[in-house]
Amino acid sequence: MVVAGNLCFSCWTNISPIYPAMSKTKATSRLLVNYPEPYRSEILDYLFKPNFGASLHILKVEIGGDGQTTDGTEPSHMHYALDENYFRGYEWWLMKEAKKRNPNITLIGLPWSFPGWLGKGFNWPYVNLQLTAYYIVTWIVGSKHYHDLDIDYIGIWNERAFDINYIKVLRRMLNHQGLQHVKIIASDNLWEPISASMLLDPELLKVIDVIGAHYPGTLTVKDARLTKKKLWSSEDFSTVNGDMGAGCWGRILNQNYVNGYMTSTIAWNLVASYYQQLPYGRCGLMTAQEPWSGHYVVEAPIWVSAHTTQFTQPGWYYLKTVGHLERGGSYVALTDGLGNLTVIVETMSYKHSKCIRPLLPYFNVSHQFATFDLKGSFSQIQELQVWYTKLGKPSERFLFKQLDSLWLLDSGGSFTLELQEDELFTLTTLTSGRKGSFPPPPKSQRFPSVYEDNFNIDYPFFSEAPNFADQTGVFEYYVNMEDPGDHRFTLRQVLNQRPITWAADAFNTISVIGDYSWSNLTIKCDVYIETPEKGGVFIAGRVNKGGILIRSARGIFFWIFANGTYRVTGDLAGWIIYSLGHADVTAKKWYTLTLTLNGRFSSGKLNGKTLWKNISVNFPENGWAAIGTHSFEFAQFDNFHVEASH
């Protein structure tokens, strides 16, 4: 046993104010919006309500750019050059819900992809610097004008190249629009080359307010520190949200500052509200992937966050005395400068705190005693509240439990903690901590085996139909003025140009829906090709991939084309052809497609008449249902219906 002697808390560094823990979303809150009440509000409370759950200090959102960004696409506010719509997608709704609960929450916007028209034929957002800056500024101005949201920070291009001149143009345009308060964070990638570029360019150094790095492994670099700018881990975590993810999160929340002087750590992602079989399933602070049942799970990372977020605020300062414990683990201490003190101690073990990246070098944590001495003005503190988490075996597990207070009256400001591995302690003068709770949500259920949507909504609250998860392209509710009859309200694929991509988007558009375990099913949907001669649409079953892997998706795809042909393929790209032939199809006319999959056999109908049957399909055995188009083209879908068995 060891006494880690005299960890003395008296001096605090006048460093940049902190934003200790926050979260970001990018196509990962897709299923959250159609949760029924009261469960949707409960989930939002666990994330954003102060002194309740994760009590997040910052929300970082994707500026939708129409492209695939890991688990889906998010619509842009400007699909086309003369198009502006500030009610697409769900990010503005999410920011408003966060602000409703915590008016002081800080908002950050960052683009992943960009609409294709900005590239003028190139897959590159820096072809016209003024145009791209204008596009980003319109998003900031629109957020304020239509939603009364003040964006606090803006990023450049997620995990991709930055352009020095673009950053300067963006700053000038922000200032010109009276947005001096909007700060720039760069480059949401690695510490270099942005840090060296800033040291070599005084104007660049001046216009960038924060250096943000992704998955820094708690370490920074000398150049970044020499800039004297705030250093943030602007994307981190992305680890499955069981005990390993909670241990990862607890360790880096402390050690990103202890080792790397980072005063903010942002978790990707906020809430796992996307189909679990998409990439990085359940890598959110909590899980809410069943809007059809209302079921959700408040995972351990929510309560690990609370150890920091409920007892600090942006604007607090780290004390000079932070560091590693003698037998593993770390401690930080923070103050508001007004006499309040919060100490956070973590002893996460190597075995139970590996993040998904980067590789974690081996370290050892063992049983120890740590003695803390409060000096200076802190020596007057008489009582500290104690909050405790223990990860690991279910029998020993505690999450954010309030223990008896520590009384320091007779100890001269000294106290000793006995520490085991995989523990978190918060000791604080603040008495406002709370472990919020609601009655248990409904039990988990599978996606309904019979599901239909006729898209007949006059004034939809969200632009996208519930449960459809766009993987390439954007599918939106549409009012078809040309058809006052059965197809007045439809779902329309609205991109006519490939976006400036962040990932390997497919060359076809596709939106998936349903239960990944579906095997035997019948999918029926009315379809409308808008592009003469070259246009084409499909319905599909057993689609086995999505997200950044969408281009290589397999399944059974039933296509019809405006040139009067049909195809049946075993993949989205169309390389594996099971059948092809003539079909009585043309553009600008509604057709009903039916795809039936039963064991190893498949068949298809056009307007209720069999077009092909008994085609053998061995792979994949299961997957989502899907709709989509042959290329980036306008097309409409209506009366979607699926009946499935597993």
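We count from 1, first residue shown onward.
Cβ atoms here come from the backbone N, Cα and C positions, even for glycine.
Curation plays no part in TrEMBL annotations; they are all automatic predictions.
What TrEMBL says about this one:
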type	residues	note
ACT_SITE	Glu159	active site, proton donor/acceptor
ACT_SITE	Glu235	active site, nucleophile
DOMAIN	21-310	domain 'Glycosyl hydrolase family 59 catalytic'
DOMAIN	318-433	domain 'Glycosyl hydrolase family 59 central'
DOMAIN	470-644	domain 'Glycosyl hydrolase family 59 C-terminal lectin'
Sparsest-packed of the listed active-site residues (Glu159, Glu235) - C-beta count within 10 angstroms: Glu159
Secondary structure tally of the domain 'Glycosyl hydrolase family 59 central' (318-433) (DSSP, helix then strand then coil): 8 helix, 53 strand, 55 coil
Between Glu235 (active site, nucleophile) and the residue listed as 'active site, proton donor/acceptor', the C-alpha gap once rounded to whole angstrom: 10
